[in-house]
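Colleague: Heads up, here are the entries from Swiss-Prot:
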type	residues	note
INTRAMEM	94-107	intramembrane segment
INTRAMEM	226-239	intramembrane segment
SITE	F78	site 'Selectivity filter'
SITE	Y227	site 'Selectivity filter'
SITE	R233	site 'Selectivity filter'
TOPO_DOM	59-71	topological domain 'Extracellular'
TOPO_DOM	137-174	topological domain 'Extracellular'
TOPO_DOM	222-225	topological domain 'Extracellular'
TOPO_DOM	240-257	topological domain 'Extracellular'
TRANSMEM	41-58	transmembrane segment
TRANSMEM	72-89	transmembrane segment
TRANSMEM	116-136	transmembrane segment
TRANSMEM	175-192	transmembrane segment
TRANSMEM	205-221	transmembrane segment
TRANSMEM	258-279	transmembrane segment
Amino acid sequence: MVQASGHRRSTRGSKMVSWSVIAKIQEIWCEEDERKMVREFLAEFMSTYVMMVFGLGSVAHMVLNKTYGSYLGVNLGFGFGVTMGVHVAGRISGAHMNAAVTFTNCALGRVPWRKFPVHVLGQFLGSFLAAATIYSLFYTAILHFSGGELMVTGPFATAGIFATYLPDHMTLWRGFLNEEWLTRMLQLCLFTITDQENNPALPGTHALVISILVVIIRVSHGINTGYAINPSRDPPPSIFTFIAGWGKQVFSDGENWWWVPVVAPLLGASLGGIIYLVFIGSTIPREPLKLEDSVAYEDHGITVLPKMGSHEPMISPLTLISVSLANRSSVHSAPPLHESMALEHF
């Protein structure tokens with residue numbers, strides 16, 4: 001009887017713990033703002049994971065077997081990986097998949113700063129898990145190619161599958177300038193593609209156009225540094241390779257190159273955004289600004305799957321401007337944008 005009574009108390013206690021956990025989860029989800037933050041975290045996590053799995057997988061093909069992989073294949077893998085990532089999370093978080101893009105949007109007032117750590121944490125975890133996935137899928141191929149050794153440099157190096165490394169013909173600071181400039185061009189063109197008041201991509205084509213931008217950057221300037229242009233792309237896989245057995249050389253190689261793909265893109269994206277706003281964005285007449293947290297704010301995104309409907313407000317993704325088609329004299333007859341998605345992207 002004593003044992004039975006103890007068992008009942010144990011069962012009752014476990015049930016109380018279970019219900020308290022469930023109640024806590026429900027309490028978290030009852031707040032709209034907290035629910036939105038969780039959704040955006042998961043969206044950045046999944047979109048970055050999708051982009052990196054396709055991108056790193058294409059690099060693995062190029063490194064491990066020239067018959068199945070190529071440099072062009074790597075560019076297409078990352079480019080179309082971005083497309084899939086945008087479709088995974090564009091309407092939820094904007095599918096930045098890039099900490100430099102998130103930082104720039106926060107610095108320029110397009111995204112609240114409280115979302116910055118949420119987005120970046122999701123991006124880093126997604127990138128780390130993608131590296132772990134590629135390692136698991138290509139484990140035997142990696143060992144076969146390298147003779148059982150996990151090397152960072154040399155003809156049988158495999159660390160480059162997961163992260164970028166400074167080539168022999170580049171110096172550290174030339175590499176820094178290269179990464180800064182490429183990320184500057186990336187952000188400038190992203191603002192161009194998504195500015196509804198300028199000459200944006202056609203409704204429903206933004207994901208594809210952005211992937212074309214990524215491919216163009218990679219095929220035209222990839223030889224110098226491997227074009228990280230994304231703080232969420234390099235450090236997490238480097239951390240994984242350090243844990244998996246490649247050793248501390250993943251950080252020390254190339255004159256301690258590891259920090260450049262973090263700092264240079266942050267600087268470059270910020271400059272690219274400012275350059276666009278000063279030289280292009282400021283010259284375009286716009287309606288009064290409505291902040292994201294305003295009661296009147298509805299959406300600040302880009303249509304991926306446009307639908308026909310009534311003339312509802314259109315939102316400029318560049319400055320979060322709410323523009324009604326009914327009161328714009330300069331707007332020609334065109335189908336309205338509806339069901340829009342946020343994209344201040346990668």
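Positions of Cβ are set from backbone N, Cα and C atoms, glycine also.
If you look at the structure here, what lies around each of the features I listed?
Modeller: Counting only same-chain residues 6+ beyond the ends of the intramembrane segment (226-239), those with a CB under 8 A from a CB of the stretch are 48, 52, 55-56, 97-100, 120, 123-128, 130-131, 160, 162-165, 167, 179, 182-183, 186, 217-218, 250-251, 258, 260-262, 265-266, 268, 346.
Long-range Cβ proximity for F78 (site 'Selectivity filter'), meaning a same-chain Cβ under 8 A and a gap of 6 or more residues, is found for M51, F54, G55, S58, V214, V215, R218.
According to DSSP, Y227 (site 'Selectivity filter') sits in a coil region rather than a helix or strand. The Cβ of Y227 (site 'Selectivity filter') lies under 8 Å from the Cβ of T164, E179, L182, I217, R218, H221, each on the same chain and at least six residues away in sequence.
A simple way to gauge crowding: the CB of R233 (site 'Selectivity filter') has 32 other CB atoms within 10 angstroms, across all the protein chains here.
Sorting the topological domain 'Extracellular' (59-71) by DSSP state (H, G, I as helix; E, B as strand; all else coil) yields 7 helix, 0 strand, 6 coil.
Below 8 angstroms of C-beta separation, residues 56-57, 59-60, 63-65, 131, 223-228, 233-235, 237-238, 240-241, 244-247, 249-250, 253-258, 260-261 of the same chain, each at least six residues beyond the ends of the topological domain 'Extracellular' (137-174), sit close to that stretch.
Within the chain carrying the topological domain 'Extracellular' (222-225), a Cβ under 8 angstroms from the stretch's Cβ atoms is held by residues 71, 75, 164, 166-167, 170, 174-175, 178-179, 260, all 6 or more beyond its ends.
A Cβ distance under 8 Å defines the sequence-distant neighbours of the topological domain 'Extracellular' (240-257), meaning residues of its chain 6+ beyond its ends; these are 128, 131-132, 135, 150-153, 158-159, 162-166, 171-172, 175.
Under 8 Å from some Cβ of the transmembrane segment (41-58) lie the Cβ atoms of residues 69, 73-74, 76-78, 80-82, 84-86, 88-90, 92-93, 95-97, 118-119, 121-123, 125-127, 129-131, 133-134, 137-138, 161-162, 232-233, 237, 346, all in the same chain and six or more residues away from its ends.
Within the same chain, residues 43-44, 46-48, 50-55, 57-59, 61-62, 95, 97, 206-208, 210-212, 214-215, 218-219, 222, 304, 343, 345-346 sit at least 6 positions outside the transmembrane segment (72-89) and bring their C-beta atoms closer than 8 Å to a C-beta of that stretch.
Only residues 6 or more beyond the boundaries of the transmembrane segment (116-136), in the same chain, are considered here, and those with a CB under 8 A from a CB of the stretch are 37, 40-49, 51-53, 56-57, 60, 93, 96-99, 102-103, 106, 142, 161-162, 231-233, 235-237, 239-241, 244.
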Colleague: On the 0 to 100 scale, where does the mean pLDDT of the topological domain 'Extracellular' (137-174) fall?
Modeller: 95
Colleague: Run through the topological domain 'Extracellular' (240-257) and tell me, per DSSP, how many residues are helix, strand and coil.
Modeller: 16 helix, 0 strand, 2 coil
Colleague: Which of the three DSSP states, helix, strand or coil, fits R233 (site 'Selectivity filter')?
Modeller: coil
Colleague: Using DSSP, tally how many residues of the topological domain 'Extracellular' (137-174) sit in helix, strand and coil.
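Modeller: Reading the DSSP string over the topological domain 'Extracellular' (137-174) gives 15 helix, 0 strand, 23 coil.
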